[in-house]
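Asker: Checked Swiss-Prot, it gives:
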TRANSMEM  17-37  transmembrane segment
TRANSMEM  47-67  transmembrane segment
TRANSMEM  82-102  transmembrane segment
TRANSMEM  113-133  transmembrane segment
TRANSMEM  139-159  transmembrane segment
TRANSMEM  177-197  transmembrane segment
TRANSMEM  242-262  transmembrane segment
TRANSMEM  275-295  transmembrane segment
TRANSMEM  314-334  transmembrane segment
TRANSMEM  350-370  transmembrane segment
TRANSMEM  395-415  transmembrane segment
Amino acid sequence: MNSDLETRVLRKITLRIVPFIMLLYFVAFLDRVNIGFAALTMNEDLGFSSTVFGIGAGIFFVGYFLFEVPSNLILNKVGARIWIARVMITWGIVSGLMAFVQGTTSFYALRFLLGVAEAGFFPGIILYLSFWFPARRRAAVTAIFMAAAPLSTVLGSPISGALMEMHGFLGLAGWQWMFLIEAAPAVILGVVVLFYLTDRPEKAKWLSEDERNWLVKTMNAEQAAKGKASHSILAGLADIRVIALALVYFGTSAGLYTLGIWAPQIIKEFGLSSLQVGFINAVPGIFAVAAMVLWARHSDKTGERTWHVVGACLLAAVGLAFATGATSVFTVLIALTLVNIGISCSKPPLWSMPTLFLSGPAAAAGIATINSIGNLGGFVGPSMIGWIKDTTGSFAGGLYFVAGLLVVSAIVTLVLSRTAPENGGKVAPVQHR
């Protein structure tokens with residue numbers, strides 16, 4: 001009976017929550033990286049060098065870093081529904097204002113404010129999932145949610161490329177139309193969040209009483225079973241495992257946002273139109289979505305996290321190194337596909353680790369710390385790519401630099417599993433009935 005009840009409850013909460021938060025993350029990721037498509041013509045229109053563009057694209061993560069932990073602590077206090085709605089509405093407004101950038105100062109200021117507005121969204125969702133799904137199911141659920149990132153590349157790239165072709169309509173440049181149109185869904189969905197999301201299982205009126213009682217009891221028992229798990233905010237901030245995971249995420253973020261922000265310009269160097277760039281940039285994401293889900297399921301099935309992160313990081317590093325020697329659209333496409341698969345596959349097992357040893361306010365602070373420090377890689381990676389491109393005239397040096405960061409991420413993950421293990425980087429494997 002319990003087996004049937006568990007299956008029914010998990011299916012119901014998955015269908016209720018996961019597709020919706022996937023949609024939210026799809027919009028969030030698109031608004032973060034559409035700057036890469038804007039650069040195809042915006043840089044020339046506004047006279048931006050590669051260095052200026054790289055710093056402006058990356059400065060988003062400085063604002064994100066400064067406000068990430070406070071934002072997640074507020075979410076833990078006021079509830080996911082209200083705070084995620086606030087985050088989405090404000091970031092949608094700021095993203096739309098990007099259409100009116102006039103020069104370097106306004107570019108830097110608005111990208112910084114976009115990071116401030118969006119701070120807390122991603123770790124807030126990770127924390128939110130820990131309220132609803134048992135640890136043994138979390139990597140697979142996280143993978144489905146995080147598949148929205150490569151999906152936003154698959155679907156968003158052609159859309160962004162097409163919107164760039166609206167150049168001159170009503171006197172606006174194509175990149176201005178892209179910012180305005182792609183910002184609107186965030187504001188609309190922010191309002192929908194207020195009416196759709198449920199903060200905690202205890203408040204889930206869409207579950208029957210038996211289903212709700214089972215879920216609350218299961219999640220409470222899991223929290224109690226952690227025993228030595230840290231609960232205070234300070235413990236979440238000071239835990240050496242949190243700092244180590246932040247370093248790992250730093251490298252993967254550098255890879256992710258180097259890919260998202262610079263890939264359109266790397267592809268554009270082969271003489272393609274914005275629309276062609278959009279369709280080609282979409283291809284790697286198709287493979288990444290499938291690989292991410294399969295990799296996370298394997299991680300859950302075996303109960304292993306460490307090597308799933310290490311292998312994925314090394315694959316992405318190989319892809320970046322391969323991209324430095326790409327001489328055709330086909331070879332650069334293979335390289336970008338390897339990077340996409342590696343980066344995407346690293347995320348679900350990595351983000352399943354913090355909630356194994358943290359709970360309550362410590363989890364809120366710890367997850368936000370990992371995300372905020374780690375996302376500084378999203379500043380360092382794109383900024384270094386731009387500076388090295390201006391200095392050397394080539395993307396190669398910057399790509400090698402980011403590949404090196406991913407190798408460091410793999411090494412730190414291995415060291416962490418041996419010096420500060422939590423079940424040796426393993427959880428109880430999923431029992432398939």
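In case you wondered, yes, glycine gets a Cβ from its N, Cα and C as well.
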Asker: Should anything in the same chain at least six residues away from the transmembrane segment (177-197) have a Cβ under 8 Å from its Cβ atoms, list it; otherwise answer none.
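Answerer: For the transmembrane segment (177-197), the far contacts come to 17, 20, 23-24, 27-28, 30-31, 34, 37-38, 80-82, 84-89, 91-93, 95-96, 98-99, 156, 159-160, 163-164, 166, 169.
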Asker: For the transmembrane segment (275-295), could you work out the same-chain residues 6 or more beyond its ends whose Cβ comes under 8 Å from its Cβ atoms?
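Answerer: Result: 37, 40, 140, 143-144, 146-147, 150-155, 157-162, 164-165, 263-264, 267-268, 308, 312, 329, 333, 336-337, 339-341, 343-345, 347-349.
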Asker: May I ask which of the stretches 47-67, 82-102, 113-133, 242-262 has the most CB pairs under 8 A with the transmembrane segment (139-159)?
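Answerer: When the Cβ pairs under 8 Å are tallied, 113-133 comes out ahead.
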Asker: Which bits of the chain, at least 6 residues beyond where the transmembrane segment (113-133) starts or stops, bring a Cβ under 8 A of a Cβ in it?
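Answerer: 10, 13, 17, 21, 24-25, 28, 31-32, 59-68, 70-72, 74-76, 80, 83-84, 87-88, 90-91, 93-95, 98, 141-142, 145, 200-201, 215, 219, 351, 354-355, 363-364, 367-368, 370-372.
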